[in-house]
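Engineer: Handing you a structure now.
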């Protein structure tokens, strides 16, 4: 046998000594690597669980603070404990109004607030924060709001001192007026009609009045 062959066999045997017990190369190193990987995984998992626990504690603390102070703040906000004008007024009986009569119900001269849309008069007192003297739509209180709503105008130019028949509005604007009328019917009490000049008011019975209020409720 040549010396070179012997060297090769010895070298092969020597390298075989580095095999693991299962015959795989580098058994001890692989085991150590696996151990390190498992340890790292456990450490990462532990950190994640710790973070989740900390977040849960923070959320729990925030919830307890809200339960203790948040609700109290909501109940003691502006106007809390004070009854709205609508809560202190009896329900208005159905009747018809002239322009002059309607103007009395502007939230300043009387606590009740009325406005007209498309010839219908609505009691909007419960929406006083919108239609009261200081509200964003207070200009419509005690007035015919039809033209202003149809043209999206909140200026005095949208108001008429005389009866407004809306005859100069186009089809789109009139459709807008009708849509506003339906929305007011759904949300507020319909209390009567806005009278045209020379028109006589209708006489409403208690039964008709009760029936109308029942429909709105």
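Backbone N, Cα and C define each Cβ position, glycine as well.
Pulled these from Swiss-Prot:
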- 15: O-linked glycosylation site (CARBOHYD)
- 40-62: transmembrane segment (TRANSMEM)
- 84: phosphoserine (MOD_RES)
- 96-195: domain 'Cytochrome b5 heme-binding' (DOMAIN)
- 98: phosphoserine (MOD_RES)
- 196-217: region 'Disordered' (REGION)
- 200-209: compositional bias 'Acidic residues' (COMPBIAS)
- 202: phosphoserine (MOD_RES)
- 204: phosphotyrosine (MOD_RES)
- 205: phosphothreonine (MOD_RES)
Engineer: Which number gives the other C-beta atoms within 10 angstroms of the C-beta of residue 98 (phosphoserine), all protein chains shown included?
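Structural biologist: There are 14 of them.
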Engineer: If H, G and I count as helix, E and B as strand, and all else as coil, what does DSSP give for the residue listed as 'phosphothreonine'?
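Structural biologist: DSSP assigns the residue listed as 'phosphothreonine' to coil.
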Engineer: Please name the residue among the modified residues 202, 205 whose C-beta has the most neighbouring C-beta atoms within 10 angstroms.
Structural biologist: 202
Engineer: Work through the modified residues one by one (202, 204, 205) and name whichever has its CA nearest to the CA of residue 98 (phosphoserine).
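Structural biologist: Going through 202, 204, 205 one by one, the closest to residue 98 (phosphoserine) is 202.
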Engineer: Where does the mean pLDDT land for the domain 'Cytochrome b5 heme-binding' (96-195)?
Structural biologist: 96
